[in-house]
Amino acid sequence: MGTAAGLLLAALLLAGTSWAQREVNIQQGPLYRAEGSQISIWCNVRGYQGPSEQNFLWSIYLPSAPEKEIQMVGTSDPSFSYAIYSQRVRSGDIYVERVSGDHALLHIRQLQEQDAGEYECHTPNTDPTYHGSYSAKMNLHVIPDTLTVSSPAQTLQKVEGGSLQVTCEVSQNSSQHTHLSVSWLRISGGEEHEIISLTQNLSVRAGPTYAQKHSVGDVRMDKLGDSTFRLTLYNLHPSDQGEIHCVGTEWIQDPDGTWFPLTQKRSEGTSVTVQPTDKEFNVRLETERRTYGAGDMASLRCIIDAQNPAERLFAVSWAFNSSLIASQSPGGVPSLTGEYAKREDRGEVRVGKDSDIVFSLKIFHLRPEDSGKYNCRVTERERGPSGELIDRESKRPKNIPISVLPLRTSLTVTVTANSSSVLEGVRLSLTCSVASLAGPQSRISASWHLQDKQGRQREVVRQDRDGVTWAGEQYRERLGTGELRLIRSGSDTFSLELEGSQRTDTGSYECRVAEWVPATDGEWQLLGERSAQANVDIMALETGFAVTAITRTPGVSYFDSFDLQCILKPHYPPWVGVSVTWRFQPAGGGDTHDLVTFSRAGGVQWGERAGSFRGRSVVEKGDSTHTVKLSVSRASDSEAGKYQCVAELWRWEYRGTWTQLAERASNLLEIRVQRPVPRLQVSKVTRTLSVVEGSQVTLSCSIRSQTGPDSRFAVLWFMRQPSGADGKLIVRSNTGMEYGTYAEEASLKGRLQLEVTAPGHYTLTLQGAHADDSGSYYCQVEEWAMDPNQAWYRLAEEASGMTEIRVRVPDANLQLDQIPRNVSALEGQSFTVTCHVLNRTLPDSRLSLEWLSWWAGHMERRALVRLTVDGVTILGSVEEENVAPGLPSRMQVSQPSLGLYALTLRGTEVQDTGTYSCLVQEWLQDPRGQWYKRTEERSGATYVSVRQPDPALQLDSSLLNVSLMEGGHFDLDCVVSSRSRPDSQLAISWSLQGASRGAEQETLLNVDRSGVWAPMAPRWEGRLQQLQLSPTLFRLHVPRVGQGDSGNYTCLVQEWLQGPRGNWYLLAQDESLIGWIRVQSKESNLQSTICANDALFYLVFFYPFPIFGILIITILLVRFRHRPTSKPGEGKNGVPLLWIKEPHLNYSPTCLEPPVLSIHPGTID
């Protein structure tokens, strides 16, 4: 038990570490809130599974019924709320705000007294299993609102510089520990400003706009008594006027330590007006004009309109585009920032105070970047109680925009090129002309830029205003070697020269010229820039480079001559090198190889595979140096093929090296060298020969004409079978005799004979024709001649007409019985199927026979047994799946008579059911003594049905109705009235359907066909006994019965039969209801038994009374009649009297027999 508990605890710990646990959290309580205020309670869930958006259900448990849940509001079902809250939910007084998928807030806008209670937040389960917490609770207390805030409404008129006092009554009467905070507010122009506050922590805090005044003591707050608070303002200013309110707030500390405002109230306002003294002032900003040129001077004046300016303190700040550039103290001391401080040092900018009311900003040398908006801000300052300056009021006028126009140049630039299209390698020259300079003091700088065809731009070369020249990164090497030059002619011309122009020099050339003038600070100022462009295209040397090959004699005969010409275009200057190579590809195929090459220096070099071309070819170069001719004599097949001219273009570099620019290949010239026209003719006569196997066949081949008297001939004999597309070589005759592959395959070597009966007449004789020799035969003649290279070549070939040979075999005449039959057999018996050969092709032919079957449930055919032509019996492949083992031993093949074959199968099984037939093959002997299959035929099908015995199991259906007392016993009989076969075996199963309603059927006892009992339920263990009184009678004895044994008892019998292979299978089963058994308790056994049975009732309560009465009367009469003469205690003749000692009732345990009343002898006292 301890081990099991440990394993269970370990499993729970493992599950806890591997499964996520849902956890619901709610805001910590208890919380105290005032009646009429609003509240928000948060709730979240974590560790859940399922969708990311969880639902939240809020309920309340009222103090009056702490166990009763009242549904308030939820996120999933609008009808979740109970009637007491549904109206407030619909009106929006109570609602749930979803912060995220697993976080929500419950809002109650106006708390009521009945809202106090225990709040529960519940999240419905979305996990596969229940694991963790699904709800959390907190308490809310709603307390009365006892806060009071009051201040008399009044209107006060004050003068600037005066003082002000206002009082306010703030009190509370709460049963909880709360704190009060008091704030004074001023409302002016719709805006609310905090003056001063006493926080719940009893600290004083001034508002942002009154922090300065509070620091100097002009604002203070005093507490008079328990609930009176007084505000005092000194040194009033017009900005202090407005409506002043007192705000009281009651605070309570929540369990998490934070302070929460229970309630807040505001008093009526006190209207305050502060009459200002005459201290107003205005500001103006002036300038002479708003548009200037670069280098001009601009002056801006900031003018103050005020009373007694000499006695007042004004500070001025200057701004450009809203950025501070300078400031002046009331004493006129300037302070400039950033770049303007540097310009002040150089004397370009000055800030001054012209008078008490005029402040100026002067810029002596304007720049274009000085364009923008200028402004000044005037701030009046006053001295505080401690002597420090305090900003009183600040004003600024409207912005003044100033535009500074830059100086413009009047340059004009033009670019010209020596040519818009330049051949690669030729010098490129461009000229940039400049006109209309600003004056003698101005200087110019120039730069050349190139934009290629891809739109990429790069700098070529540059010369600054001092005449210093440098090249771009990609042109520095060419500048150093002198290929790149920038030449300035006078003061207005810049020439760009590029020696050995390259393809990359193609593009748009831009000349950029900048004009500079001296600035006031000694530097040079850019006055303007102009540019012009010119497009230059550098034509590659290979542009238009082409090679063409021509010939006048594309076709020649043996021993003729032919010429080939290679033409180059265009004409190039001498410094351009050209090399030419003739290439050749033989007509018979193979790789193209070089024949001869003219180098750019004029040398001639033959290729390694030139071969015979050297002895019969002449190479010439034309006077124009652009034509190369190749002449070939004594043409043969070796010179037939495709010729091609390949030219290479080279350029001499300034470094002293050659660079290959291009390679061009000409068109292909095919030279055909023709052989003599053949005049070979072979006889085309066609014949058809039909012979019988073993006969001799003679074929002939005749040449009618030939090309020349010196021709030689080779004769090839072919055979083409009807199913073949191409002929197969049999034999070849030339100077000797060569057998083809077909002669080997068809064993023709020993049966062939070749003869030349006359010049041009050839014969082929075939001895002992076979059936396989059938087909079409023909000869093919090859004519051979000698070429110019003294080599024999095949000049022509021609085939003769077809001779069709048909070698006959006897016609097939095999016939079998095709009548279908049906055979039926019981399992374990045998059946026989027959195969009858009605006719055959030849009497001496041989037969082979194969028995086939198609068993039920199997689509494929199976071969059972085969009888060869030699009479050998061979078993078929019957080891397939689901085939009964031992099948070969059960089969027997016999031949009862000539042409009749039989297959007998013993010990049949149901699996043997199927279709049976025989397949017969007829074999004949050919001339070579070999047996070959002539034909085959399949007999008609015989359907065999193997069936099991018909089931005949039946049980007796007599029913019993028995009542008996608790503790008794009863017997049940299961009678088999009929069975299928005497040798079958029976299995018995007893079951009980209990008397209680809904009880399931219970198996009491299972006894298999061998008499082995199956394990029983614990309550039946040792109580049941089964007896087999006969082969068909089974009795179940049940002792010590109880009330739980009441119900319907059923007997189930299974009949098992042994199959041919010794295996037992279930043939039939039958179930019978035996009867109803009622078991009664002992407490009410006599009364209930008698009352439940009519026979017992009359036997006990009716029949005994008259019987007892008659017996008593008879005994008394006899006793009194014989008393004087008899002995005491004796009857007549000394026999003792009978006395009724006690009547006995014997009850049958099964209550099937009426009780028996018996009288026992006794003594009379």
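These residue numbers are counts, starting from 1, taken along the chain as shown.
Just so you know, glycine gets a Cβ as well, placed from its N, Cα and C.
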Answer for the disulfide partner of C302 (Swiss-Prot, candidates C376, C432) is C376
If you consult Swiss-Prot, the disulfide counterpart of C974 among C1051, C1091 turns out to be C1051
Answer for the disulfide partner of C511 (Swiss-Prot, candidates C432, C645) is C432
If you consult Swiss-Prot, the disulfide counterpart of C779 among C645, C701 turns out to be C701
Taking DSSP H, G, I as helix and E, B as strand, the domain 'Ig-like C2-type 7' (810-934) contains 7 helix, 65 strand, 53 coil
Top stretch by Cβ pairs under 8 Å to the domain 'Ig-like C2-type 7' (810-934) (candidates 144-262, 276-386, 406-527, 678-800, 951-1067) is 951-1067
Argmin Cα dist to C511 (disulfide bond) over the disulfide-bonded residues C121, C168, C376, C835 returns C376
Among C246, C432, C701, i.e. the disulfide-bonded residues, the one with its Cα nearest that of C121 (disulfide bond) is C246
Around the Cβ of C246 (disulfide bond), other Cβ atoms within 10 Å, all chains included, total 24
Same chain, |i - j| six or more, Cβ under 8 Å of C918 (disulfide bond); the result in sequence order is L816, C835, L849, E850, W851, L852, Y901, L903, R938, S939
Within 10 Å, the Cβ with the most other Cβ atoms among the disulfide-bonded residues C645, C1051 is that of C645
Argmin Cα dist to C974 (disulfide bond) over the disulfide-bonded residues C43, C376, C701 returns C43
Reduced to three DSSP states, the domain 'Ig-like C2-type 1' (22-139) has 14 helix, 52 strand, 52 coil
